[in-house]
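A short write-up of the structure that comes next.
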Amino acid sequence: MSFSNIRREDASRAVIVHAILLTYTLVALYPIFLVVINAFKTRKGIFKDPMGLPNADTFSLEGFTKVLAKSDFELFFYNSFSVTIITIVIVLLLAAMAAWALSEYKFPGNTVLALYLAIGIMVPIRLGSVSILNLIVDLGLINTLTALVMVYVAQGLPLAIFILTEFMHQIPKDLKEAARCDGVGEFKIFFAIILPLIRPAVATVAVFTMIPIWNDLWFPLILAPGDGKQTITLGVQQFIGQYVTDWNAVLASLSLAIIPILVLYLIFSRQLIRGLTSGAVK
Amino acid sequence: MADLKLDQIRKSYGAVDVLHGIDLDVKDGEFVVFVGPSGCGKSTLLRIIAGLEEITGGDLMIDGEVVNTKSPRDRGIAMVFQSYALYPHMTVYKNMAFGLKLDKQDKAAIDARVREAARILQLDQLLDRRPSELSGGQRQRVAIGRAIVRQPKVFLFDEPLSNLDAALRVQTRIEIAKLHQDLKSTIIYVTHDQVEAMTLADKIVVMNGGNVEQVGSPMQLYHHPETRFVAGFIGSPAMNFTKVTIDAVEEGKVTVAIPGGIKSVLPFDVPSAAVGQQVELGIRPEHLALGDVGELTVSGVVDVVEKLGDSTYLYLNLANGDRVTVRAPGHSRVKMGDTVTASAPAGAAHLFNGEGKAFTKVDCPAEFSADDI
Ligand SMILES: Nc1ncnc2c1ncn2[C@@H]1O[C@H](COP(=O)(O)OP(=O)(O)OP(=O)(O)O)[C@@H](O)[C@H]1O
Ligand SMILES: [Mg+2]
C-alpha cells in the first residue's frame, strides 16, 4: 500500500467522524437554538412559525419584560446560583480529599469503601426521595436551601470521588515521595501539589456536578417549594398553567437561565488543559 | 553531616523477604555506592534509609540516634529520584524553594540558598522556567539543586543518571564528584553502572538477593573480591571463570589442574583437605596477554573479535567448552577462527571454593593488590 492510499483512507475516516459529530452537535443544539429564538418573538410569532427567526413583525421582548417585572426572577436566580456554587465547592473539597485518602493511603477496608462509594453512581438518589423528605422534615430543614445543598452534595459525591481517585492514581508516586523527603506535610502536599496537578479533573467534575443541579426540578419541588426558596427551574413553572401557558415568559426565563451555567462552564473548561504534568518525571 | 549505621535491617512485603539483615557503617562525608543486579533490593534499602519505607526489623541510626520511626523530614535526608520528580507546575526557583518555605525561614535566607545552589549547578539562567521547558540534564540538575538547598545530613541518589545519554552521563557524573568534594557531605548512591560506582565511590556495597556480598573501596573489590559473585560483578568485561581440580597443596602454594592437562602452581592458602576438590579459577580479561608469557596459560579458537580502538576483546572457545575473554592491544591482527594462546601471571589469579568463597592469596604482587591504594 502506498503512502497516498493511507492518507486518503485517513482523510475519509476523518470526514465520516466529523459528519457524525456535526450531526450530533446539531441535534443537541437545535432545541436550545429554538428556545432562544422563540424567546425573542411575540406569542403569535411563536405559534405561527415556531422554526423561523424573529423578524420585524414578530420580534418582541415581552417575555423578558414579563419575567423580570412580574416574577421574582432575581431571587430564583440567586437561589439556583448559591445552591449550585455551594454544592460544587463542598463536593469538590470532600471528593478530592476522599479520593486522596482512597488512592494514597493503604488502610483496612480501603477497597470496600471505594466500592461502597461507587455504588452511589449506579443507584439514583431519587429512589430515596421519600426517606429524604422524612429526614429533611425531621431535621426541620424543609423549605430551606440547606436541604437542597445537602441532597445535591450526596448526589454529586460518588461520581466525583470515582473520577478524582482515578486521576490521583496517575500522579507519579515519586512526586509525592519527593515532597515527603522535602519535609512537606500531608495537607500541604494535597493542596500545593496534588490539587494543582489534577486541576483538569477537578474542572471536569465541577461541570458534571453543576449541570444536573442547575437543571433539577424534582428536589426543589419536594424539598423547597415555598415562597422565596424556589430555584429557577421551579420558578419558571409559575408561567406554565393547566389551561394557559405563557410561552413568552417560559422561553425567556429559560434563555436567561442558560447564561450563568454557560459562564461557569466557560470558566471551568479553561482549566481543562492537558499536559499539565509534562516535565514532572521523564 | 552525619554517620549512618544500619544494624540487621530487614524488610518484607507480606510474605516476601526482600532484605535479609543488612549491616553497614557509613562514616561522615563518605560517598557510598550500592551496586547489584536488578531486583536485589538497592532501591528498597535506599528508601528505608529515606524513611519512605517501613523497617520490618533491625535499627537504622543517624548520628547515633535510632530513627526507625522518624519521618523523612526529621531524618535530615534529601533524595534525588531517578525520574527527577520535579513539581511540574512550579518554576525551577519554586521547585528548589518549596521545601524551604515550610521551615518558615526568612525570605532572604531562602533566596540566598536557592541562588547559591543555582550558581553551583549553573542553573542561574533557568530559574524562571518550568520543568517542561528544560532538557533532561537540566532537570536532573534542578533535582540535585532541590536536595542541596535543604543542606541535608545525608544525600540519597537512586540511579540519578540512568535517564541521561552517554555524554551527559559522564559530564553529570563529574559534576556529582565535584559536588561531593565541595560539600563534603555524606552521599549514598544507587547505580547499575560499573563506571559510576568505581569512579564515584569511597566505598562500594555490592548487594545480591537482599544481602550484602562485600563492602570495600573500589580497588579492594577489584583486586580482592571475597566471593565469586563480586568477582564476576565488578570489572567489565566480566572476569573469566573455569573449573579446575586441586592437585596438591603446600604452605602458601596450590597446584591446580587446568582442563587440557596443564598444571599451574598458584600462590593461595588452601587447606590440605581440599585436595581433589573442584574449585573455580578466575582471571580478568585485562590480565591475560597474548602469547605464552605467564604461568597460567589457556588456548582456544577465537569466536568473536570486538575492536574498541584502544583495545580489542577476543572471545575464545576453550577445548572444554568454557569461554574466555582476552583483552588484546588495539592494533591486534587476530581474526575470527584463529587459534591463540593467552597467559597471565599466577598472581593475577583468583580461586573460589565450591560455595563461591575466595581463597586467600599470599604474597600478592603490587600490581594485583589494593593495599597501598
Ligand atoms: N511494594 C512491593 N511489594 C512487593 N515486592 C516489592 C515491592 N517493592 C519491591 N519489591 C521487590 O523487592 C525486590 C527489590 O526491589 P528493589 O526495587 O529494591 O530492587 P533494585 O535493586 O532497586 O532493582 P533495580 O536495579 O531494578 O532498580 C524486588 O524483587 C521487588 O520485586
Ligand atoms: Mg531500583
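Positions of Cβ are set from backbone N, Cα and C atoms, glycine also.
The transmembrane segment feature in TrEMBL is assigned to A:21-40 (among others).
According to TrEMBL, the feature transmembrane segment maps to A:76-102 (among others).
Sequence annotations record features per position, and here TrEMBL assigns domain 'ABC transmembrane type-1' to A:77-268.
Summarising the annotation, TrEMBL assigns transmembrane segment to A:114-137 (among others).
The transmembrane segment annotation in TrEMBL covers A:149-168 (among others).
Residues 80, 83-84, 87-88, 91-92, 95-97, 100, 152, 155-156, 159-160, 163-164, 167-168, 171, 175-176, 179-180, 232-233, 257, 260-261, 264-265, 268-274, 276-277, 280 of the same chain, all 6+ positions outside the transmembrane segment (A:189-214), place their C-beta atoms under 8 angstroms from a C-beta of that stretch. Look at TrEMBL and you will find A:189-214 (among others) tagged as transmembrane segment.
For A:249-268 (among others), the entry in TrEMBL reads transmembrane segment.
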Among A:76-102, A:114-137, A:149-168, which stretch has the highest count of C-beta pairs below 8 Å with the transmembrane segment (A:249-268)?
-> A:76-102
Across A:21-40, A:76-102, A:114-137, the most C-beta pairs under 8 Å with the transmembrane segment (A:149-168) come from A:76-102
